[in-house]
Amino acid sequence: MAQILPIRFQEHLQLQNLGINPANIGFSTLTMESDKFICIREKVGEQAQVVIIDMNDPSNPIRRPISADSAIMNPASKVIALKAGKTLQIFNIEMKSKMKAHTMTDDVTFWKWISLNTVALVTDNAVYHWSMEGESQPVKMFDRHSSLAGCQIINYRTDAKQKWLLLTGISAQQNRVVGAMQLYSVDRKVSQPIEGHAASFAQFKMEGNAEESTLFCFAVRGQAGGKLHIIEVGTPPTGNQPFPKKAVDVFFPPEAQNDFPVAMQISEKHDVVFLITKYGYIHLYDLETGTCIYMNRISGETIFVTAPHEATAGIIGVNRKGQVLSVCVEEENIIPYITNVLQNPDLALRMAVRNNLAGAEELFARKFNALFAQGNYSEAAKVAANAPKGILRTPDTIRRFQSVPAQPGQTSPLLQYFGILLDQGQLNKYESLELCRPVLQQGRKQLLEKWLKEDKLECSEELGDLVKSVDPTLALSVYLRANVPNKVIQCFAETGQVQKIVLYAKKVGYTPDWIFLLRNVMRISPDQGQQFAQMLVQDEEPLADITQIVDVFMEYNLIQQCTAFLLDALKNNRPSEGPLQTRLLEMNLMHAPQVADAILGNQMFTHYDRAHIAQLCEKAGLLQRALEHFTDLYDIKRAVVHTHLLNPEWLVNYFGSLSVEDSLECLRAMLSANIRQNLQICVQVASKYHEQLSTQSLIELFESFKSFEGLFYFLGSIVNFSQDPDVHFKYIQAACKTGQIKEVERICRESNCYDPERVKNFLKEAKLTDQLPLIIVCDRFDFVHDLVLYLYRNNLQKYIEIYVQKVNPSRLPVVIGGLLDVDCSEDVIKNLILVVRGQFSTDELVAEVEKRNRLKLLLPWLEARIHEGCEEPATHNALAKIYIDSNNNPERFLRENPYYDSRVVGKYCEKRDPHLACVAYERGQCDLELINVCNENSLFKSLSRYLVRRKDPELWGSVLLESNPYRRPLIDQVVQTALSETQDPEEVSVTVKAFMTADLPNELIELLEKIVLDNSVFSEHRNLQNLLILTAIKADRTRVMEYINRLDNYDAPDIANIAISNELFEEAFAIFRKFDVNTSAVQVLIEHIGNLDRAYEFAERCNEPAVWSQLAKAQLQKGMVKEAIDSYIKADDPSSYMEVVQAANTSGNWEELVKYLQMARKKARESYVETELIFALAKTNRLAELEEFINGPNNAHIQQVGDRCYDEKMYDAAKLLYNNVSNFGRLASTLVHLGEYQAAVDGARKANSTRTWKEVCFACVDGKEFRLAQMCGLHIVVHADELEELINYYQDRGYFEELITMLEAALGLERAHMGMFTELAILYSKFKPQKMREHLELFWSRVNIPKVLRAAEQAHLWAELVFLYDKYEEYDNAIITMMNHPTDAWKEGQFKDIITKVANVELYYRAIQFYLEFKPLLLNDLLMVLSPRLDHTRAVNYFSKVKQLPLVKPYLRSVQNHNNKSVNESLNNLFITEEDYQALRTSIDAYDNFDNISLAQRLEKHELIEFRRIAAYLFKGNNRWKQSVELCKKDSLYKDAMQYASESKDTELAEELLQWFLQEEKRECFGACLFTCYDLLRPDVVLETAWRHNIMDFAMPYFIQVMKEYLTKVDKLDASESLRKEEEQATETQPIVYGQPQLMLTAGPSVAVPPQAPFGYGYTAPAYGQPQPGFGYSM
């Protein structure tokens, strides 16, 4: 049996199988912050990628194009932290958003997620914590200790509260890896350096401690060996015992001298420390004691990153091959392993208790029994309570404690046991029952309540039954927790909590007999019964039939409760509930009419029998409800006339339900019955329903009863909303007839619907005492003239005054007009005007009077108003008109009066006097009217002056339009008169702008010449001069030069630039020259005129540096480099040195460039200038000057110049320059080109650059300087990336020996790498195969085996190929190679060793064939090796086919223990062939897997008797007894025949054998057979047979034995019968006792119940009786 292992080892996935490049599986490119994600940085082609592998979905890796130095995934969510240089960013991959970013001042050398939202950042100097939340920046936690200087940081850990921080690093010292740690306390702000390689924090609660301790575990491999330390950090919490320090040795195998710890994780679930070393060993330690539990190697490659594995509470890691591995505690095995393998039962017990692990059952049971036997019951109780998985918490344990009597004054062992269990957690079902039974007997119910609240007891039906006898409410709690529905509902009912029954039944899906339950509740409390009934029907589907529920109510005559219930149950008003609605109303109309009235009033129901209910309502005196339900008009008319018995408001609403004809009939009946009593109701009905009944019908109804009062009130209620003219007119009529004059006034004033003409005529005819209604109508509808005539002719003049004074003063003008029309006296009119005093429109009054040519009538009144200070324009307008008509100095009035309306008066004057119209319009700025008057009357001078003074651009724009036929005479007047007269600059400015806006350049020039050139006030005005020149540029270019020369006060630069933009280059040049702006002048010559000769002459004439600079720049652009450089020198201007240098480089003017750069260096010591000067000196071959320059102080980029010289093959100059800057790499390259190889090697050594070494090396190879080339090559080959190029360079030129010599020399280098060993092996395979084997045996572990494999195969080095396949674990290929090339490659030991490791089992059979062909004598040895994995059936079939079974007999014997049919049959055949019957019998006895019958049939014909005996034996084994016995009889095997007959248990067969013995006269055999087949033979048959053959003597022993057995049986039967009779006699003597107390059913009620009806609360009630199937124990 294989040894049990305490760990479970699992490979989760292989990263290479997911497409991850093996080169990217390493500490610097792969991170794993938790067991959720693995993050790898890869480069695919030229694109950098980050690959994220979700461990829950590893087959779908996420690839993102991200270029970063490092990437770490959040431990729980798809959030990634990226680092590029000093920039840190946090991204949410799912949201595709950046969460946070920060730029560090120092490089981050290591970082790690220490929690779900915090990243730790480690720089060379300090450690920071950076929170993912909010906007916070990284917070510095502590400075790094000097002991970690120069270390590679490999981990950073914190404790759970982040109060202790640990930084871990490693470094190489004295040929070993030394670990350094810095432990930092956040609270104390102090650090402690510690030597250690791997560490972790853990929270551990010691036995007896109230709080957890913070433990710090670290492992170290020092010079003295390995140690694991476990200590408590900080001060222990109050009340805690300090954790004792632990320091245990860590074992490292002798072959792992350089091994050291690399990772540590602590399982919180199992309190186990997982320690992993660099060589792939796993160590498990108990956290509490430090004991080593297990150690083994789990990986041949280094596991470089680990994390806790949450699913198994173990550790997960990745090794350099890309395997993702996990190790965890095997919970089923670890305790047995510690007990049996480690022989540490104390540790096994401790871990089993502490971590609740199985496997220590026997230990616990043994310890418990021992303590119990010693009488140490308290300790035994602790052991039983603490045993893992509750293995000792059994009824047997409780019975044992119960059997121990309590000592006086001490707690009983049972209670001690229960006390410990209660402290630890919940009791199970049996424990709860056994604890509660004595507690309840002692009356300590409060303890039970306390335990239930603390959830210490497992509730069950039995416990509820136990508690119910004491407290039903508490029992209810138990039943609820135990989920016993029938008992719960029973308790709810008994405790009066009926409101909970339905809710609970629904919750648990239990359905009791609801009606029966309701009856029982109703007996106890009708109110609770009502509440319960409502709960039964509150859902969409009632739990019980409502009719049955109502019957229950009615059984107890509970009308009120039944009503309440039905009101709630029928609230949805369903059609199916009609009979119930009728029943509800009927019971209330008969017993409680008011309640029925209220129900009907709420209109809850609509599906009851309305006719039946109507009759009942009328009988109950509910006339209103009866009307609601009547449908016959006769019934309605009979009831509706009794309005004193009806609610008026309701009655009005009731009419809304009647048809139009029925309503009118009812109204007529009501008025006929009692008009005085019913008039008001009729009016209300008419008012509300007039639209439906038609207003005309209602008017006719009231008029038919001559009820003007009713008509007035009816129409009064609708007149305010009606649009019917007839309604309004009838209302006015009714109001007049009822004397409601005020209402007549109101309706005449407010209504807009009546016919005014009809009303006016009616009011005239009505001859009312008060004429105000007529006045209102005439005023509103413009009948004022008729009104005045009517009143004046009827001598009602006082109403005229009332009208204009009180009703509408604004109508005075019309009234005055009317009075004038009836020739009323002027004095009356004047007095009337004076009385009203301005509450009317003066304009209208003037218009009325003016129409009748009586305007002067108003002069006194107007003057009086003006004298009073009236500013009303209408008054002044009227007065102006009178003055104009009377020619009373009108112009003065028009100029001085500020109140009249200019437009009105101007319009009045246009035909009378245009000049006065202009005055009026000008005063009011009536622009358009004034322009029209001036244009029509040719007043252009006045218009031009007005426009200049007006200063309105829009107005100017309107008159200067081209479409204006009067534009030209107007412009002439503006130029000649208006502008000449003005002195206001603004007027001039607006006028000029208007001409510009109107695009009149020629007219503008004419205007400006008048202003500027004619010595006016504005001659020296700068803007006007500018404008004149600009306008000339635009309109008449021939005048521009004249204006430039004549004018002096203009903006020269601006004008010049405008001239340039208009291509007037000569004019621009003239302006610049006139004002001495020489730089601009020469720029015009260069850029616009394009004449460099004129520019050169102009520059010589003015001789200004700026001018020379401009010219030089132009010459440079034209390619005149020499002339440009001369001009720059004359300008003493080095500013354009870059352009000059570029131009000189292009044209090759190096001598001139030297002069220019020497001038420029004097002005500005620019680095570029000095750099170019050096290059120019080199180009002119002035090496002495160059050397002198570079040896002096300078700012030149000498390296850059050297590279340029090198590129242009100026190697002498380059040599000087590289030597000056000590660039030995480039110096070496230069020396190579100069042929100085030794000096080049010395330079390369100083440069120590791979590129330089390569260049010099290749040059030396080309120069056949192989010694120097090898010196260079040894510095190249250590770089794996460069090796291939170097090898190809040698090989392409055929220098194989030199290349091999160089690589052999390189193997001893300290930095020798796999590529060197690999390439040398390949070279050996090609050119020196004899050295290949030795090289591989020495260095196979350091070569790239796949690459060398291909080379060896190509070179046909089969032995070496097999060796490599073996080392590379490609065993299949190794075997195939040996079989394909046995002469060179096959070795017996090696073949047998490798063949067991192959993956393809088919190779076994090829190997068998190979051995059979080439090594047949060794075939059995091979088969022994192959047998564990060989298909023996197939092998046997093969050997049978090739007829070589005897050859492999040893193999067949060795594998026969598998009981394989083919093997067994083959061996049996061999044994038969060899006539080895003993071996055959042994084989068939030991191995039964073969065709028994076939073998038996074959053997029964064999010539040897022993084989025939075996055939009989086989027939017997297959229940072919007769055949077997017959065969034995045939071969005289009497003993076998008797034995087989006995074993057959066949009486007939045994008797036949007896007969045969007698026939053959074998009497001794007959006697022997009687005893052999004793149990099968019938004594009578034997007696008869013996008597017949006269052999009684031979049968007598048999008969004696038979007689003995029969007598013994008879004696036993006799004794048994006697005993039975005695027992029956004793039973009959006992009296029969009646009246024995019968057991009550267990679920019967436990409280006293009064006598009940047969179906009360007795035993037959389903809710409280014996549990029904489906709800009790019978489930």
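Keep in mind that glycine also has a Cβ here, set from the backbone N, Cα and C atoms.
Straight from Swiss-Prot, the features:
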{"type": "MOD_RES", "residues": "Ser67", "note": "phosphoserine"}
{"type": "MOD_RES", "residues": "Thr105", "note": "phosphothreonine"}
{"type": "MOD_RES", "residues": "Thr394", "note": "phosphothreonine"}
{"type": "MOD_RES", "residues": "Ser1167", "note": "phosphoserine"}
{"type": "MOD_RES", "residues": "Ser1229", "note": "phosphoserine"}
{"type": "MOD_RES", "residues": "Ser1494", "note": "phosphoserine"}
{"type": "REGION", "residues": "2-479", "note": "region 'Globular terminal domain'"}
{"type": "REGION", "residues": "68-107", "note": "region 'WD40-like repeat 2'"}
{"type": "REGION", "residues": "108-149", "note": "region 'WD40-like repeat 3'"}
{"type": "REGION", "residues": "150-195", "note": "region 'WD40-like repeat 4'"}
{"type": "REGION", "residues": "196-257", "note": "region 'WD40-like repeat 5'"}
{"type": "REGION", "residues": "258-301", "note": "region 'WD40-like repeat 6'"}
{"type": "REGION", "residues": "302-330", "note": "region 'WD40-like repeat 7'"}
{"type": "REGION", "residues": "480-523", "note": "region 'Flexible linker'"}
{"type": "REGION", "residues": "524-1675", "note": "region 'Heavy chain arm'"}
{"type": "REGION", "residues": "639-1675", "note": "region 'Proximal segment'"}
{"type": "REGION", "residues": "1213-1522", "note": "region 'Involved in binding clathrin light chain'"}
{"type": "REGION", "residues": "1550-1675", "note": "region 'Trimerization'"}
{"type": "REPEAT", "residues": "537-683", "note": "repeat 'CHCR 1'"}
{"type": "REPEAT", "residues": "979-1124", "note": "repeat 'CHCR 4'"}
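Per DSSP, the secondary structure of the region 'WD40-like repeat 4' (150-195) breaks down as 0 helix, 33 strand, 13 coil. The DSSP breakdown of the repeat 'CHCR 4' (979-1124), given as helix, strand and coil counts, is 113 helix, 0 strand, 33 coil. Spatially, by CA atoms, the modified residues Ser67, Thr394, Ser1167, Ser1229 include one closest to Thr105 (phosphothreonine), and that is Ser67. Separation of the C-alpha atoms of Ser67 (phosphoserine) and Thr394 (phosphothreonine): 64 Å, rounded to the nearest whole number. Comparing the Cα of Ser1494 (phosphoserine) with the Cα of every entry in Thr394, Ser1167, Ser1229, these being the modified residues, the smallest distance points to Thr394.
Considering other CB atoms within 10 Å as the measure, the emptiest surroundings among the modified residues Ser1229, Ser1494 are those of Ser1494.
Thr394 (phosphothreonine) sits 92 Å from Ser1229 (phosphoserine), counting Cα to Cα. Taking CA atoms as the reference points, Ser1229 (phosphoserine) and Ser1167 (phosphoserine) are 26 Å apart.
For Ser1167 (phosphoserine), applying a Cβ distance below 8 Å and a minimum sequence separation of six or more within one chain yields Asn1195, Ala1196, His1197. Just so you know, of the modified residues Ser67, Thr105, Thr394, the Cβ with the fewest other Cβ atoms around it within 10 Å is the one at Thr105. Here the region 'Flexible linker' (480-523) is broken down by DSSP into helix, strand and coil counts: 34 helix, 0 strand, 10 coil.
Confidence for the region 'WD40-like repeat 6' (258-301), expressed as mean pLDDT, is 94. If one looks beyond the region 'WD40-like repeat 7' (302-330) by at least 6 residues along the same chain, the residues whose Cβ comes under 8 Å of a Cβ in the stretch are 5-16, 20, 22, 25-27, 30-35, 38, 55, 262-263, 265, 267-270, 272, 274, 276, 278-280, 282, 284. In the three-state DSSP reading, Ser67 (phosphoserine) counts as coil. Taking H, G and I as helix, E and B as strand and the rest as coil, DSSP gives the region 'WD40-like repeat 3' (108-149) the counts 3 helix, 25 strand, 14 coil. A helical conformation is recorded for Ser1229 (phosphoserine) in the three-state DSSP classification.
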